[in-house]
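Colleague: The structure that follows is given in the form of structure tokens.
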Amino acid sequence: MPPSPLQSPQLAHLDDDDAQATTDCSDAPSPPTLKTRRSLPKQQNRFRSLKTRAISTVVLVGTFVGVIYLGHVPLMLMIFGIQYLMVNELFKLATQAQQQQQQQLRPDRRPAATSTFLQWYFFFVAAFWLYIRFVKKQLAVEITSNALLAHATGWILKGHTLISFSLYVAGFVGFVLKLRKKYYLQQFGQYAWTHLILLFVFVPSSFFVSNIFDGIIWFLLPCSLVIINDIGAYLAGIFFGRTPLIKLSPKKTWEGFFGGLLITVLAAWALAEYMSRFKWMVCPRTDLSMGWLECEPEPLFTRDRFAVRDLQWVVPHQVQYILGRGVHMLPRWLPSTPLQPIPDFEFIARPMQIHAIVLAMFASIIAPFGGFFASGFKRSFKIKDFGDSIPGHGGMTDRMDCQVVMAVFAYQWSIFMTQYY
């Protein structure tokens with residue numbers, strides 16, 4: 001029988017039975033299929049992506065720990081750098097969106113080159129207004145320590161608000177003077193985008209600056225709780241996730257949500273206890289120096305004996321009044337047993353640990369909506385990430401979407417609620 005043209009030359013001299021026996025040998029390695037060859041590059045790319053992500057995470061964590069060790073002023077500069085990256089990513093995204101919209105409305109007209117000067121001008125005006133507002137006391141200490149410096153720059157602190165407003169008005173006038181016929185829509189769109197980005201990203205995240213100088217714990221603890229909640233919800237969702245939570249993020253589940261909440265509350269109690277031991281964390285910085293801090297820790301950070309009935313200061317008086325009125329307005333036929341006070345007991349803790357539980361609940365329940373908001377925003381533009389500032393992680397905005405919401409609440413809570421203790 002002549003050899004088949006598809007048969008190997010080495011098998012040409014064998015008969016059919018021998019050839020069949022040779023080719024069916026189980027010890028012979030089978031050639032890779034097309035599917036296998038295609039899956040190999042995907043696995044290699046996935047491994048490279050995980051490796052890049054891991055390296056970036058180690059670098060980010062190491063940098064973060066190092067900056068915390070350096071102190072308050074380096075932390076403030078780090079916040080400014082993060083804000084710059086976030087705003088830069090969103091400015092670029094806004095420019096691309098405007099150009100696409102202009103191309104759809106007037107395909108016969110070439111989009112005008114957008115000028116970014118005014119965008120960054122308003123960015124630095126906002127930075128001047130917010131940063132000096134938050135570190136005004138520290139700047140005053142530095143300036144008054146030197147008579148010449150106080151005489152040369154004291155007027156900046158005294159007229160800070162007026163100067164900020166004047167700088168903004170100058171930018172506003174410059175924008176009006178740059179308006180050009182046929183490009184009104186594009187120019188006003190850029191003006192609106194700039195203000196929205198500064199309002200929703202730069203202004204809220206600037207509250208972290210005040211938190212830092214009130215005590216690093218008011219910055220580090222809220223940031224840590226957001227990260228812990230993200231990790232806890234992810235792990236709980238992997239092991240127990242069944243019920244979808246929100247359509248914007250199909251991978252989020254109710255099981256992950258409650259699991260993340262529980263993990264975050266437990267971590268908040270432990271972290272607040274640990275951080276409150278260090279003066280570097282709890283002492284406020286009254287100047288802009290980088291030296292070691294010494295202070296008498298406030299009662300907020302010292303151990304005390306509590307009873308459950310003593311925790312009413314956690315709830316504002318106005319809320320207590322509303323709740324009390326609501327209880328009295330309930331129908332009389334309702335059973336009164338559920339309304340009876342819970343059994344009282346005493347425990348030893350630091351008041352900051354109780355504050356930390358409130359921060360943990362906000363980080364678990366409300367702060368994730370910053371991420372949902374960002375997810376919806378990215379879906380509207382059909383993009384995966386806001387940028388590529390962090391290799392393996394996407395853009396800085398992708399990592400800070402929940403932190404922006406948390407910054408404002410931590411600032412408000414530290415100011416409003418600590419007066420009740």
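Note that Cβ sites are derived from N, Cα and C of the backbone, with glycine treated the same way.
I grabbed these lines from TrEMBL:
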| type | residues | note |
| --- | --- | --- |
| REGION | 1-44 | region 'Disordered' |
| TRANSMEM | 54-82 | transmembrane segment |
| TRANSMEM | 112-132 | transmembrane segment |
| TRANSMEM | 162-179 | transmembrane segment |
| TRANSMEM | 191-210 | transmembrane segment |
| TRANSMEM | 216-241 | transmembrane segment |
| TRANSMEM | 253-272 | transmembrane segment |
| TRANSMEM | 354-374 | transmembrane segment |
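If you look at the structure here, what lies around each of the features I listed?
Modeller: Note on the transmembrane segment (162-179): residues 115, 118, 121-122, 125, 128-129, 156, 187, 191 of its chain, located 6 or more positions outside it, place their CB under 8 angstroms from a CB of the stretch.
Remote same-chain residues near the transmembrane segment (216-241) are listed as 68, 72, 75, 208, 251-253, 255-264, 267-268, 271-272, 275-276, 280-282, 301, 352, 356, 359-360, 363-364, 367-368, 402-403, 406-407, 409-411, 414 (criterion: CB distance under 8 Å, separation of at least six residues from the stretch ends).
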Colleague: Which sequence positions outside the transmembrane segment (253-272), separated from its termini by at least 6 residues, show Cβ-Cβ distances below 8 Å to it?
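Modeller: For the transmembrane segment (253-272), the list is 217, 221, 224-225, 228-230, 232-238, 240-245, 350, 352-353, 355-357, 359-361, 363-365, 368.
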Colleague: Check the transmembrane segment (54-82) against each of 112-132, 191-210, 354-374 and return whichever range has the most CB pairs under 8 Å.
Modeller: 191-210
Colleague: Which residues of the same chain, at least 6 past either end of the transmembrane segment (354-374), have a Cβ under 8 Å from a Cβ in it?
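Modeller: Distal contacts: 221-222, 225-226, 228-229, 233, 246, 248-249, 252, 257, 260-261, 264-265, 267-269, 271-272, 300, 306, 311, 314, 386, 397-398, 401-406, 409-410, 413, 417-418.
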